[in-house]
Amino acid sequence: RGYLDSITAIGPRTVGSPENEVLAVNYLLEQIRAIERESTDAHKISVDVQRPTGSFSIDFLGGFTSYYANITNVVVKLEPQNGAQHAVLSNCHFDSVPNTPGASDDAVSCAVMLEILNTLSKSSEPLQHAVIFLFNGAEENILQASHGFITQHEWAKSIRAFINLEAAGVGGKELVFQTGPENPWLVQAYVVAAKHPFASVVAQEIFQSGIIPADTDFRIYRDFGNVPGIDLAFIENGYIYHTEYDTSDRILTDSIQRAGDNILAVLKYLATSDKLAKSFEYRHGNVVFFDVLGLFVLAYPARVGTIMNYITAAIAFLYLSKKVLQPKTRAIHNLKKFFTAFGLTLISWVCTLVTVLIVAVFVSVIGRSLSWYTHFYVSVFLYGTAAVATLILVHMLAKKFFYKNMNEQYLGDIFFDASLMIWSIALAVMTRMGLCSAFICTLWVAFPLLAKLMIHKEFSQKGATMKFVMMYMLGMFVPYLYMMYLSWTVFEMFTPIMGRSGSEILPDVVLAGFIVVTTMILSSYFVSRICKCCLKLLNLSLEFRINLFHASRRFHDVDGNLVKSDSGIWINGFDYNGISHITPHVPEINDTIRTPCEEHAPFCGLPWILPVHFMFRLVKNWYLPAPEIFPRSPVHFKVLSKELMPWNSVRLSFEVSGPSHMSVYVRPHEGSALSTWSLGDGMPVASLGGDYFVFYSHGLQAAPWRFWVELTAPEKHSDGIVSLAIAAHYFFGEDQKSPQLYALLERFPNWTFSSGWSCTYDLFVF
């Protein structure tokens, strides 16, 4: 724990700041040298400080290009005395976002890695392969340092697998939420070695679907290094993730110990595995994996799962067809009753979904969105009871109009069969789509069907015997228990994310959808037997995130003349509710100062640090007039050359110098097209909306940034062929917060987390 406390004591560690580039690096090197002095003769430790410069494009947040200069990586290689040809990588990052000590994201992982390095180096038993520990210093800049390492460092060529340590919350269990691609032997390594397993292929498929607006270094090693790996993250208490409250005292020692036990065991297993040296030979197929209540992990090849799924679905279809079509004299009657129950079940689900979503929209419209935020069980009461009540109402009406005077046991039997049919169809469809998560459907088909077959005689009798009840509940126990366990994990991850998902997404609608799906799953075999519902509960609990930027903007025309300038505090909230809860405390922040969009300027003339504009409605941005700011290290922008190229192309070369974080926005004018540039792989990647976004950062003592863009242009272009804007962001130091920004932040209530810095926006037309 001493490592964690020391790293977080440095304070926020943004890329380019002395805290990140000097203090954190020096601390890591000091601890590594101390570990090296105490290591045994069985090992050799090599240390390297890498400061890479590079560029790449990434299909994330709508797509953009990243450029980095002189950022920092601290790399340690632990290997046998006679060296090793192959290596396994362990990755953490010591940088943080502004205004947070970043204890969970990701100082605790770096502390765990230091302790693992210390433990392995003191072992008298030599490793078969090398273990490379990468303490990367620019992950929060959208994965720049990992790209610099895997594409440029000489040790990267020896890496055959990796473990990435991340965080989406503060402490708790660390969840394996990504593996591969393919390479099922890696999951088997985790299954065998991890002492406290917690893993889910469901989390992997949710994360890789893009629903969660986040990414990790896993993507870089996979896409740019062609290396398979395991991605782990703490997920508990994500409410204080990326806030000033992410401090070391909030991470329990048990969580650190648990993570250390798991990662040490897996790293040691991989470093002594024969499969690591031949990892490419085992790259075949995906794997289905999930833990059982944290006790152990079940894992098997996806192709085996496919066979199991189809066999299970086939048995269910065979059972249903045999039951419905026999005796032949009642086949038509049975089919009619069966498909009526099947249709009513689907109708009840649709009605439930529509009803609960209407409730969620109503809650949002009346300004009570996220009222459940810090206590997700409140949302379960609110939307769960609405879902249960709707299901009950539909089935009561169905019983009244379609099943008058029908035996209760027969009614339960036929709706059981209808639910079994739905689950069997879902199993076949999901398996056909190649989703590993189809194993959930297998549970909901196999166990109820097995119970049904075991107590078939009791089902045909009038009244339910104790044996029938016990067997029926036992058959449902496994899928119910696992589904509730999985639902808890999903809610643990998703509820905090809803509070920082921007103003474009209705968080209540998303969460209500999850609750409806969970309710339908849990009630699928019992809904016809439910006879009472719960009361609704509405509670109000607030935790509000908001960003404030003191911005100065300057707009120039094609002749270089300044046509407009202004300055103000630009406000955007991560909360869907906007500023309605803030206005009573800070009256000047109200709907009269909503941000106007500068239609002629890229990204509406606003200094976005990342292309996340699509997550925020412009009507939920505000611009409070404020005095102009004069940074001590302003942006210096210079046009180096304008060259006519073949095929009616023009190449514009620029030089930019400024703070550690800048963004460049490019918008070709009508008739023009951005054909190539000196960034990434040379192929420009447009963001959502059509503008081009380049994220830039540098470490200490970086040379001025030079780049060029090439455009095809029409012969007549009196209004120019391209608009290019540069935004500078001051994350640290004396320029970070103006007196006006400080004063405004002090007035915010203590239940908010407000983050802010100064920035500038300069638009030029060429």
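Heads up, the Cβ atoms here are built off N, Cα and C, so glycines get one too.
Residues or ranges marked as domain 'Peptidase M28' in TrEMBL: 73-266.
Taken together, the residues in the domain 'Endoplasmic reticulum metallopeptidase 1/1-A TM' (335-530) have a mean pLDDT of 82 on the 0 to 100 scale. Annotation source TrEMBL lists domain 'Endoplasmic reticulum metallopeptidase 1/1-A TM' at 335-530.
For 545-764, the entry in TrEMBL reads domain 'Endoplasmic reticulum metallopeptidase 1-like C-terminal'.
The annotation transmembrane segment is assigned in TrEMBL to 292-320 (among others).
Same-chain residues lying 6+ beyond the ends of the transmembrane segment (341-366) with a Cβ under 8 Å from its Cβ atoms: 382-383, 386-387, 390-391, 394-395, 398, 402, 414-415, 417-419, 421-422, 506, 508-509, 511-513, 515-516, 519-520, 524, 527, 576. Positions annotated as transmembrane segment by TrEMBL: 341-366 (among others).
Sequence annotations record features per position, and here TrEMBL assigns transmembrane segment to 372-398 (among others).
Annotation comment: TrEMBL describes 410-431 (among others) as transmembrane segment. Same-chain neighbours of the transmembrane segment (410-431): 305-306, 309-310, 312-313, 316-317, 319-320, 323-324, 337-338, 341-342, 344-346, 399, 403, 437-438, 441-442, 444-445, 448-449, 452, 459, 524-525, 527-529, counting only residues six or more beyond its ends whose CB sits under 8 Å from a CB of the stretch.
According to TrEMBL, the feature transmembrane segment maps to 437-455 (among others). Sequence-distant contacts of the transmembrane segment (437-455), counting only residues of its own chain at least 6 positions beyond either end whose CB sits under 8 Å from a CB of the stretch, comprise 201-202, 205, 288, 290, 305, 308-309, 312-313, 315-316, 319, 416, 419-420, 423-424, 426-427, 430-431, 467-468, 471-472, 474-479, 482-483, 486, 521, 524-525.
Per TrEMBL, transmembrane segment is recorded for 467-485 (among others).
Residues or ranges marked as transmembrane segment in TrEMBL: 505-527 (among others).
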Remote residues contacting the transmembrane segment (292-320) - C-beta distance under 8 A, at least 6 residues beyond either end: 173, 184, 187-188, 190-191, 194, 196-199, 285-286, 338, 417, 420-421, 423-424, 427-428, 430-431, 434, 436, 438-439, 441-442, 445-446, 449, 452-453, 481-482, 485
